[in-house]
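What TrEMBL lists as domain 'Cytochrome b/b6 N-terminal region profile' is 24-232. Taken from TrEMBL, the feature transmembrane segment applies to 59-79, 100-121, 133-156, 163-181, 201-223, 252-269, 311-330, 342-362, 368-390. The heme b b562 binding site feature in TrEMBL is assigned to His106, His205. Taken from TrEMBL, the feature heme b b566 binding site applies to His120, His219. According to TrEMBL, the feature ubiquinone binding site maps to His224. Positions annotated as domain 'Cytochrome b/b6 C-terminal region profile' by TrEMBL: 233-394.
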Amino acid sequence: MYFWFCWFQLTWDLLFLVLWGYFMMSGKSENLLVGGFMAFLVELPTPSSISYMWNFGSMLAFCLGLQILTGLFLAMHYSAHVDTAFFSVVHLSRDVNYGWLLHFIHANGGSLFFVCLYMHVGRGLYYGSYVLFHVWSSGISILLITMLTAFLGYVLPWGQMSFWGATVITNLLSAVPYWGVDLVQWVWGGFSVGNPTLVRFFAFHFLFPFLIVGLVLVHLLFLHETGSSMPLGLNSDVLSVEFHPYFSVSDLYGLCWVLGGLLFVVLFYPNALGDSENFISANPLVTPEHIQPEWYFLFAYAILRSIPNKLGGVVALVMSILILFVCSLFTGELKLGGWFIFWRAMFWCFVVIFILLTWIGARPVEDPYVMIGQGLTVLYFLVFVLMGSVHSVG
């Protein structure tokens, strides 16, 4: 771990010295590209009081780049056809040199991406970053597109859970009044999940990461315009320092831990987060006993199945994510005191509810799990109502 940290630090310092030397010799006005880089990253005013909780942004950038790079190589060997998709993944893992490594890095890298993403959003909630309307809204938009991209990617291996997961989730569109059935058939490209579905899912799964990159750039532009939030609730350039070298070292240290953790899972427990049903080729005639999505969707899945009505469940599912947009509408400034402490207590209640919903989503659809899920669903939305009321009062 220390070796990787030193290597990353040396690489970053060399890059900085080369760009700085070129920048100083040629003049700022003549080199807008280098000057823009210096202002955008190196000389960026950064609050001096931020902690390692602010490292998840750079970790997300690393994970996104890693997913795009490994996905590009995986696409070279993938066959988007219902008869060959499953076996092309098997061929990639068994016959292609280091194909197993690319496969497992991409599969487990998606889980790592969501760990960092949820931590990043949680940190924003805890420290009040949602008051920066454009920064928060663009960030939640990235979350939505990332979740859609992950769902499309989960279908591509064309195993049992991939096929039936696609069938269940796309069928939710039939709850849309009047146009529901037509909308489902349009997404499928037919009257059931089949080859047209797989082809278009593969195309969009390849395209959406580049859309995410564009949204990330917009997110960074808004962030640099307003500045990062501070743990102390202050916002002053007097308390800010340049990003490099003070926080670039901190980010590199975090990246070393992320890379080390990912390699540990990939090399020792590559299938720990996978579903055993997905080792079986898709069979439309055999339905798995328990259909469930990946772990990072389980909280939303638990909310979906907690509502007896189909349309109500779909609305609750969508609102479980869109309600994060509401946080950017909170008005009033929380000050240190009783309301501030109550806000933090509400946040930790939200974390506990989120974890319990994730656990419930992996349980069978039977009592007492259904009743517990319904209670947690009510509490999930109630926490946001209390947060909004406390924020307006505080």
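Yeah, the Cβs are placed from backbone N, Cα and C, and that goes for glycine too.
All annotation found in TrEMBL is predicted automatically rather than curated by experts.
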Excluding its own, the Cβ atoms lying within 10 Å of the Cβ of His205 (heme b b562 binding site) add up to 21
Near His205 (heme b b562 binding site) (Cα-Cα within 10 Å), the binding-site residues in question, chosen from His120, His219, His224, are none
Cα-Cα, His219 (heme b b566 binding site) versus His106 (heme b b562 binding site), nearest Å, comes out at 24
Note: vs the transmembrane segment (133-156), the recorded stretch with the largest number of Cβ pairs under 8 Å from 201-223, 252-269, 342-362 is 201-223
The rounded CA-CA distance in Å from His120 (heme b b566 binding site) to His106 (heme b b562 binding site) is 20
Taking only the CA atoms, the spacing between the residue listed as 'ubiquinone binding site' and His106 (heme b b562 binding site), expressed in whole angstrom, is 30
Min neighbour Cβ count (10 Å) across binding-site residues His106, His120, His219, His224 flags His224
Highest Cβ pair tally under 8 Å against the transmembrane segment (252-269), stretches 100-121, 163-181, 311-330, 342-362, 368-390, lands on 100-121
